[in-house]
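Novice: Pasting a structure here, questions to come.
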Amino acid sequence: MGESALESGPVPGAPAGGPVHAVTVVTLLEKLATMLETLRERQGGLAQRQGGLAGSVRRIQSNLGALSRSHDTTSNTLAQLLAKAERVGSHADAAQERAVRRAAQVQRLEANHGLLVARGKLHVLLFKEEAEIPAKAFQKAPEPLGPVELGPQLPEAEAEESSDEEEPVESRARRLRRTGLEKVQSLRRALSGRKGHAAPTPTPVKPPRLGPGRSAEGQWEAQPALESKLEPEPPQDTEEDPGRPGAAEAAAVLQVESAA
């Protein structure tokens, strides 16, 4: 059928109505075969290119997935960093407030220090014992004359201690005052004990006057009796309490009577 169709059609270059040669037919078939082969080759190349494009598309898709995952992790890390930055900012604000308060406290302390230095009342005590007492406090104080005269002597002793020591610290002044009061109380107790145990001062007894009818012998007999009465009484210890006003007078009266 093909040959008849080819034969029926006019061949270019051939005379009209003339027979068609087989050589032309073969050449045409060869051309057609070559064209088909080239077409197939091109289709194969296109298929290979399409496969390469599909692989590249798949690679691009995988890369896009990895990029999206990395973007998610980056967003999470950024969120954590922002939270940490907020916490650090809050801590920095709190630290700044504390620094401002400390600066204000330091300024107040500096102002107080300047005032104390200006007044001259700043003294640093490295070590002070609680029971420390000045050396003058251990000196033997004169025995007081009486309970009435203890009052004015106490402020004088405290004034001397304060003037000698010149300690502006209140605690030291309180300790000194307390020790002074304790010493005064102990002295009072000792004096009260001495007065309670000591014998009362004897009242001087004057000998009775002899009348005109008495003889001289009776007078000399009465005087030894008076002396015997006065001898057992011990003399008062004037050395222990020299300031008592009645002791010296009583001793003088006793000496005069014994001499008489």
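Note that Cβ sites are derived from N, Cα and C of the backbone, with glycine treated the same way.
Note that the structure is a prediction, hence the values are computed from the model and not measured.
These came from Swiss-Prot, pasted as-is:
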COMPBIAS  157-168  compositional bias 'Acidic residues'
COMPBIAS  201-210  compositional bias 'Pro residues'
CROSSLNK  Lys128  SUMO2 cross-link
MOD_RES   Ser62  phosphoserine
MOD_RES   Ser70  phosphoserine
MOD_RES   Ser162  phosphoserine
MOD_RES   Ser163  phosphoserine
MOD_RES   Ser171  phosphoserine
REGION    1-84  region 'Interaction with CAVIN1'
REGION    20-78  region 'Leucine-zipper'
REGION    135-201  region 'Interaction with CAV1'
REGION    140-260  region 'Disordered'
Novice: For Ser62 (phosphoserine), list the number of other Cβ atoms lying within 10 Å of its Cβ atom.
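Specialist: Summing over all protein chains shown, Ser62 (phosphoserine) has 10 other Cβ atoms within 10 Å.
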Novice: Mind looking up the mean pLDDT for the region 'Interaction with CAV1' (135-201) in the predicted model?
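Specialist: On average, pLDDT over the region 'Interaction with CAV1' (135-201) sits at 63.
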Novice: Rounded to a whole angstrom, what is the C-alpha distance between Ser70 (phosphoserine) and Ser171 (phosphoserine)?
Specialist: 73
Novice: How many of the residues that make up the region 'Leucine-zipper' (20-78) does DSSP mark as helix, as strand and as coil?
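Specialist: Computed counts for the region 'Leucine-zipper' (20-78) are 57 helix, 0 strand, 2 coil.
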Novice: Taking the Cβ of Ser70 (phosphoserine) as the centre, how many other Cβ atoms fall within a 10 Å radius?
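Specialist: Summing over all protein chains shown, Ser70 (phosphoserine) has 10 other Cβ atoms within 10 Å.
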Novice: Whole-number answer please: how many Å between the C-alpha atoms of Ser62 (phosphoserine) and Ser171 (phosphoserine)?
Specialist: 85
